[in-house]
Structure formats: C-alpha cells, structure tokens
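Asks: Got a structure for you, questions after.
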C-alpha cells in the first residue's frame, strides 16, 4: 500500500505469513473484534435500560458505539483476510464498498466526538436555553447530520478510486485524494474538536474557581439599587445559578435516576418572579439557610460532575487522537514520499487505529460510575439467569 512495487505484487504478501504467524494474528484480531462488539453492545444496552443514562445526549454514545460495531463486522474481517492472503478475493464491487465503509466509519467516529464536544460546550455556555432544546428528537437530527457529513467525505473512493485490478484492492493514490481525505476525515475535525474542548476546559476552570453567584455580582449590585427590585427591604428571590430552573439542576435531573427533594423548589413566585410579602412567615429564615446550604452542596456536586464529564471527554478524545494520528500522519506523508514509510510500520499504524473501537467502553467503565453500575447490572442479570 506504500510503494508501488509492493502494491502491484499483492501475492508476495502470502510469503510473509507462515502458519506460526498467521494463526496468532488471526486469534488476536478475532479477539479484538469480539471485544469491540461485546463492549459496544453493552454500551447500547446500558443507555437504553439504565435510568441514569437516559439523558438525550447519551444517544451520541449509542451512535458512536454503533459505528464501532460496524467497523468490527463490516471492515475488520475483510482487512484481516486481505492481509493474511495477500490478495483480494471478494470481488471488485465489494472492494469499493469496503474501502468507502472504512472511511465512513472512521470519519463518523471523529465527527461524533466533534458533536459531543459542541453539545457539551453549548450545555455550559447556554445552560437553560440549550438544556430546554436538548430533546431526543434534536439529538437524533444532529446524529443524522453527522452521518451525512461522514458519508459525503467517504464518497470519493466510490467515484475516483482506481478500480480493483485482479486480486488487488487499493484506494486511489493520487496526492489530491490522500491529502483531502486525511484533512476531511481527521485533521480538520480533530482541530475543531480540540479547540472546542480547550474552550470547555477554560470555562469549567473559571466556574470551579468562582463560588455560586459570584459570576452575577455586578448584576446583583445593580439590582440592589433598583426600587422595583425590592419590597420593604427584601431582595427578590432569584436562582443562584443559571443551570437551575425552580431550584432543579438541569443536568442533574437529566443524568440521575434519584429524585431530589429540595426545599428551594418549594418557593412560590408571583407572575413576575417576585416573592410575595404575605408568603414570608416566621421560621422562614431557617428554610432560607437550608435552601442556601442545599444550593451550595448541589453547586459543589455540579462542579464535580462537570469536572468528571470534562475529564472523560478529554480521555475519549485523547485516546482517539493517539490511536489514529500515526496512521493519518504517515498516510499523508506517503502522498509526498511514496516509499519513505516502511510498509510494516504503516500496517501497524493501520491496525492500531482499529484498536480505538474497543477502548471507549473501557473508558466509560473506568471513569463513569453510571456506566459501571449499569454494566454490572446487565452482566449480573445474565449470571443469575444462568444459575437459575
């Protein structure tokens, strides 16, 4: 795939793999395929069966897991067969489809990560507005657009590739295609994703440093001098954080399967959002203190949850880049120096990228309590049924 001599003589590859090499390689790739399918099916089941994971944004993870499953079932087995046999024996039509699917699923994975990053960014910068708009239907539309973008990028192999000749299945090696496909499938989405994530990190860092309500000091200071905002010296009741609606944390309500009883949510407001004087009774001071304590503790919990989510997102993005960057870098390099990259190294990077499809379920298990609990429930149920 790197040098013209090697590409045009695919039958030579059969001499490279003896039975002692082909058998362990087949077992290793076979186990990798099973791990990818098992782990990602587990993710899909967990999202649809666990109340803690039914938040609309987790549909992104379902679609991402589906892309990884498709890689394991429609791409990797044929890549393994082509590698071991040193020739393509599945026909010219399937060769074209296979190459397009390979690009499609890889591109879909990184565009999903871009969408997840943007979703997280909007949920932080436009908390109330975006959380109200973040419905399953809206997320499904975004996922559909993600797949359309990936499909558009993966179409050129079907149109411009050199048709498979004999037992060779290889993509178009024209410089313009290599460069454009690498930019569209990896480098551009990767840059967007990293920039968005850096912005997310900066915002999360600022909010972690500021105690509740500090980001609204100026607004509150202005309102204290406004006679319309006071009633007999009593300041109007306002939520202390834009992530709350009637005392309910938007993200907490969407990601937790426990109902939280909050005294702050029991406050009644007039049509203009002002607290009525007749509603203030003796003993309300204790309730106010309890309300403030509840809000402060919930604020700390929300900050910890944002940190964890941001960290998990960083790990997923980082692992994806680590797995696929070597391949795309060397593949782009071949456009300018066809024989400068050793074929063995290129093949290693090629298969190393596929390993990424098995890692997301492991990341969720290690860093996300909800997924870990859901996986345990799913697996324990199966064990109990076997015992019975």
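Backbone N, Cα and C atoms are what each Cβ position is placed from, and that goes for glycine too.
Note that this is a predicted model, so its numbers are computed, not measured.
What Swiss-Prot records for this protein is below:
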- 1-22: topological domain 'Extracellular' (TOPO_DOM)
- 6: N-linked glycosylation site (CARBOHYD)
- 9: N-linked glycosylation site (CARBOHYD)
- 12: N-linked glycosylation site (CARBOHYD)
- 23-48: transmembrane segment (TRANSMEM)
- 49-59: topological domain 'Cytoplasmic' (TOPO_DOM)
- 60-85: transmembrane segment (TRANSMEM)
- 86-95: topological domain 'Extracellular' (TOPO_DOM)
- 96-118: transmembrane segment (TRANSMEM)
- 102: site 'Implicated in ligand binding' (SITE)
- 119-138: topological domain 'Cytoplasmic' (TOPO_DOM)
- 139-162: transmembrane segment (TRANSMEM)
- 163-173: topological domain 'Extracellular' (TOPO_DOM)
- 174-198: transmembrane segment (TRANSMEM)
- 199-311: topological domain 'Cytoplasmic' (TOPO_DOM)
- 208-291: region 'Disordered' (REGION)
- 312-337: transmembrane segment (TRANSMEM)
- 338-344: topological domain 'Extracellular' (TOPO_DOM)
- 345-368: transmembrane segment (TRANSMEM)
- 369-388: topological domain 'Cytoplasmic' (TOPO_DOM)
- 380: S-palmitoyl cysteine (LIPID)
Asks: With DSSP as the reference, give the number of residues of the topological domain 'Cytoplasmic' (119-138) in helix, strand and coil.
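Replies: Reading the DSSP string over the topological domain 'Cytoplasmic' (119-138) gives 17 helix, 0 strand, 3 coil.
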Asks: Hey, does the transmembrane segment (96-118) touch the transmembrane segment (312-337), meaning at least 3 C-beta pairs closer than 8 angstroms, sequence gap 6 or more?
Replies: yes
Asks: Considering every residue in the topological domain 'Extracellular' (163-173), what is the mean pLDDT value?
Replies: 69
Asks: With the transmembrane segment (174-198) as the reference, find which of 23-48, 60-85, 96-118 contributes the most Cβ pairs under 8 Å.
Replies: 96-118
Asks: Near residue 380 (S-palmitoyl cysteine), how many other Cβ atoms are within 10 Å of its Cβ?
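Replies: So the Cβ neighbour count for residue 380 (S-palmitoyl cysteine) comes to 10.
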Asks: Can you tell me how far the Cα of residue 102 (site 'Implicated in ligand binding') sits from the Cα of the residue listed as 'S-palmitoyl cysteine', in Å?
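Replies: A Cα-Cα distance of 35 Å.
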Asks: Across all the protein chains here, work out how many other Cβ atoms are within 10 Å of the Cβ of residue 102 (site 'Implicated in ligand binding').
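Replies: Counting Cβ neighbours of residue 102 (site 'Implicated in ligand binding') within 10 Å gives 21.
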